[in-house]
Amino acid sequence: MPKRTDIQKIMVIGSGPIIIGQAAEFDYAGTQACFSLKEEGYEVVLVNSNPATIMTDKEIADKVYIEPITLEFVTRILRKEGPDALLPTLGGQTGLNMAMELSKNGILDELGVELLGTKLSAIDQAEDRDLFKQLMEELEQPIPESEIVNTVEEAVAFAATIGYPVIVRPAFTLGGTGGGMCANEKELREITENGLKLSPVTQCLIERSIAGFKEIEYEVMRDSADNALVVCNMENFDPVGIHTGDSIVFAPAQTMSDYENQMLRDASLSIIRALKIEGGCNVQLALDPNSFKYYVIEVNPRVSRSSALASKATGYPIAKLAAKIAVGLTLDEVINPVTGSTYAMFEPALDYVVAKIPRFPFDKFEKGERRLGTQMKATGEVMAIGRNIEESLLKACRSLEIGVHHNEIPELAAVSDDALIEKVVKAQDDRLFYVSEAIRRGYTPEEIAELTKIDIFYLDKLLHIFEIEQELGAHPQDLEVLKTAKLNGFSDRKIAELWGTTDDKVRQLRLENKIVPVYKMVDTCAAEFDSETPYFYSTYGWENESIRSDKESVLVLGSGPIRIGQGVEFDYATVHSVKAIQAAGYEAIIMNSNPETVSTDFSVSDKLYFEPLTFEDVMNVIDLEQPKGVIVQFGGQTAINLAEPLAKAGVTILGTQVADLDRAEDRDLFEQALKELDIPQPPGQTATNEEEAALAARKIGFPVLVRPSYVLGGRAMEIVENEEDLRSYMRTAVKASPDHPVLVDSYIVGQECEVDAISDGKNVLIPGIMEHIERAGVHSGDSMAVYPPQTLSQKVQETIADYTKRLAIGLHCLGMMNIQFVIKDEKVYVIEVNPRASRTVPFLSKVTNIPMAQVATKLILGQSLSELGYQNGLYPESTRVHIKAPVFSFTKLAKVDSLLGPEMKSTGEVMGSDATLEKALYKAFEASYLHLPTFGNVVFTIADDAKEEALNLARRFQNIGYGILATEGTAAFFASHGLQAQPVGKIGDDDKDIPSFVRKGRIQAIINTVGTKRTADEDGEQIRRSAIEHGVPLFTALDTANAMLKVLESRSFVTEAI
């Protein structure tokens, strides 16, 4: 039926900040949906709290609200805008939960707002464990025996009847939060207790474990006329028991017989029809490898991570079509945008294999619990396309950017057999590499399949890769073996290693003998129909389908998988750069490996290459396309690191030149540049070994900040207070980058701020100065940033602007740069300069209304600031106050300490804007899920050096009616200054310690700082962990607590006797 005309205005809810389990795939889905609705002529109102997304750009919807996704604020916007309908299925779990809450509170009925897409009853049936179970029984679809419980005792009783192992799944949580596998009663008690707390409805499902079955997913679509189809099926390399977001996945499924595929396909279609879902839906099934038995695991009645993967794997734009279906269109009326000639009621066919590998944050969290289970831990993922499994798997391995270029981690060769097999059996994030090592040691696929329940088909492929390695080793320079290796996805670098030569020589040999890749098109129909998608992958074969156009082109390098320190912000800058390239009349080509993002949506650029971001893969595209040049400044450290090898190969780097990039990143050159420009920095030195470092620190004086050069997101950065700690740091952390020295700097405790600047080589535009709430020592990505600055004097701001101009001109910056400053006693020091777009670009672009990445790109392509209508210097300030606040994913990462420091830990960000600082802060805290009631108890556990400052905060908390609790030393200090605090016991002091108070719900906030010995703070770690697990606001920086107090004070009344 045609689209609906009885609705005009539609509100779309976004998914909020990026957390583990809910990443950039929702920016992609939301952006697609908004465009899709506007295309049909509807007025679109968007609400999302995440400024780092394309989705929250002004042009995406008719009205964009960057406000907290909470009942209070969404209700306000609904009342103000009065939309006819609400579309919540594109905002992940956040959007769905918000819709449920609005409905339960009667808001939707009161305002007459209709829900589009999927009815609430269907969301309830899919998400509520009990209703789902009833529906499956009605449809006669098998599900594992299970019981809904609301208490720990009920869980223990049920497990006793079906036997262990069992799986615990809390209701209405995201990415398996709070769930897990339990092998015995002790584990069951622990996991269920935590799961019940995390479930908004205090409900868990206890089910029989079917670990070891094959995990298969079907991505299905249905419309209002009951047309339904399968977009794509996918098979997990890892069997059931590991969250699908943490599994390696292949599409299409590889090991099912036709009968099994039809059986599971029918089950998926009957489920989506029974739920009456209109739009996209994801069905997860478990298949017994030894019989035709299967179970339905779960159904996601919304666009999900898997649908982003399915869209990119097939080219079929699920979110775009889900939005069309939501407004009444049917699949047989909508043209498939990929072919431009077939209708969307056409199941995609693939003539290639897609591999997805998750990207984990354990390079940042050395202490994190790496064992995988039913709770998701990956921050992002990579996808690669090839003509066989070996090719797509090896391309995906080198896309991960974890320092490997093959399915091999060289260090594993030294691991003992026993340790190796333990890691093969107990899956961690790097299990693929352990399994590959076991095969290299002669374990057979049969033996490994027995241990891991990974299908023997995949293990045979790993064996095949190993056989090619041996062939290569035995026949150096042999062209036939070289061809075979390239057909199976081997990199030049791996081949060079096996031949004992260099990658350059292998590349030379390939080019001389015309062994070069061809590019194939992703067209949804296995080339059955003509197609017009400019979406390509490389393979070694016959016919090349990517034809170079006559137009001059520019290649933009994306930022690869999302990880801590390099998030969706860089994708944002990439997409904006492409817009500007097109506006300047060039053809824009994107190269990227991340299936979740907007940049890898083929409709964004003129050509998309879905390829690993390595020198070899980029050069292959350059050889074919012969672009005018390559832009590296928007792809984070990933792209910057490719600048030097590309320039050496004669490629034109557009924007800041490699020599100048080096002057900003190389310590000695940078110091020299600052001296020449007469700009102060904290005194520092470089050291290449332990003795040099100790010597440097003695000369500068403790405390010092130590870090390796050339890293992103403060990896392996630490503040050390004495020589013993420094020596232990040099022993454990220096391997962070072996051929680059370690920097030892004087650590200045002061006010930190940062600036993004855009330069055309003569003039410099400074959109704004962002002031950090946390003092220096907390990574800029983990600090709350305020724009415009609230406490900086006019003189300091002028100095910052002056230093910024000098640096941009002195370092020959063309395009963007980011500078971080620290201010102490009105004196400004430069801490670091990044000659590229930084993670604050989207936030600053939105609050100043300057499309910074577009402006920078236009300058890179030859325009000047004055031509674009911008003045030299600091841009006029906004009258509203805007705050960027970090969001963390600690609930998902056991054993990771939530203490903030110089190493970045946040996964996402939110923004709060209002007329005053206090109101903006309130919104930022609410949006980042830090909700403090107006009364309650706050507990202080404070290091000696901060007790004075904490006393002042405690008095203010007491003034607004909070009860004060404190650990022994802190309580004694408070008492000696006339403030009575209720003492709490030491850790392990059964009922009287902080964790037990937290469990009983007697504490509303914890303020915990750590002194000089950051290492020996096990009690503090337990306190912080208990806060995270029970959702109690935790402040590890007094500045953040002070900001929260400002909010509470502005919202409370002080009662005093006269």
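Using N, Cα and C of the backbone, Cβ positions are placed for all residues, glycine too.
Database features (Swiss-Prot):
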- 1-401: region 'Carboxyphosphate synthetic domain' (REGION)
- Arg129, Arg169, Gly175, Gly176, Arg208, Ile210, Glu215, Gly241, Ile242, His243, Gln284, Glu298: ATP 1 binding site (BINDING)
- 133-327: domain 'ATP-grasp 1' (DOMAIN)
- Gln284, Glu298: Mn(2+) 1 binding site (BINDING)
- Gln284, Glu298: Mg(2+) 1 binding site (BINDING)
- Glu298, Asn300: Mg(2+) 2 binding site (BINDING)
- Glu298, Asn300: Mn(2+) 2 binding site (BINDING)
- 402-546: region 'Oligomerization domain' (REGION)
- 547-929: region 'Carbamoyl phosphate synthetic domain' (REGION)
- Arg707, Ser746, Ile748, Glu752, Gly777, Val778, His779, Ser780, Gln820, Glu832: ATP 2 binding site (BINDING)
- Gln820, Glu832: Mn(2+) 3 binding site (BINDING)
- Gln820, Glu832: Mg(2+) 3 binding site (BINDING)
- Glu832, Asn834: Mg(2+) 4 binding site (BINDING)
- Glu832, Asn834: Mn(2+) 4 binding site (BINDING)
**Request:** Tally the residues of the region 'Oligomerization domain' (402-546) by DSSP class, grouping H, G and I as helix, E and B as strand, and everything else as coil.
**Result:** 78 helix, 11 strand, 56 coil
**Item:** Local backbone state of Arg129 (ATP 1 binding site), from DSSP in three classes
**Value:** helix
**Prompt:** Between the binding-site residues Arg208, Arg707, whose Cβ has more other Cβ atoms within 10 Å than any of the rest?
**Reply:** Arg707
**Item:** Recorded ATP 2 site residues Arg707, Ser746, Ile748, Glu752, Gly777, Val778, His779, Ser780, Gln820, Glu832, farthest C-alpha pair in Å
**Value:** 18
**Message:** Measuring Cα to Cα, how many Å separate Arg129 (ATP 1 binding site) from Glu298 (Mn(2+) 1 binding site)?
**Reply:** 9
**Complete:** Nearest by Cα to His779 (ATP 2 binding site), of the binding-site residues Arg208, Asn300, Asn834, is Asn834
**Complete:** Per DSSP (helix/strand/coil reduction), Arg707 (ATP 2 binding site) sits in strand
**Message:** Test of understanding: give the count of other CB atoms lying within 10 angstroms of the CB of Glu215 (ATP 1 binding site).
**Reply:** 24
**Prompt:** Between Glu298 (Mn(2+) 1 binding site) and Arg208 (ATP 1 binding site), what is the CA-CA distance rounded to a whole number of Å?
**Reply:** 14
**Message:** Given the binding-site residues Arg208, Gln284, Asn300, find the one whose Cα is closest in space to the Cα of Gln820 (ATP 2 binding site).
**Reply:** Asn300
**Message:** Sequence gap of 6 or more, Cβ distance under 8 Å: name the residues on the same chain that satisfy this around Ile242 (ATP 1 binding site), in order along the sequence.
**Reply:** Glu215, Asn236, Leu372, Gly373, Thr374, Ala427
**Complete:** Glu298 (Mn(2+) 1 binding site), Cβ-centred 10 Å count of other Cβ atoms over all protein chains shown, is 17
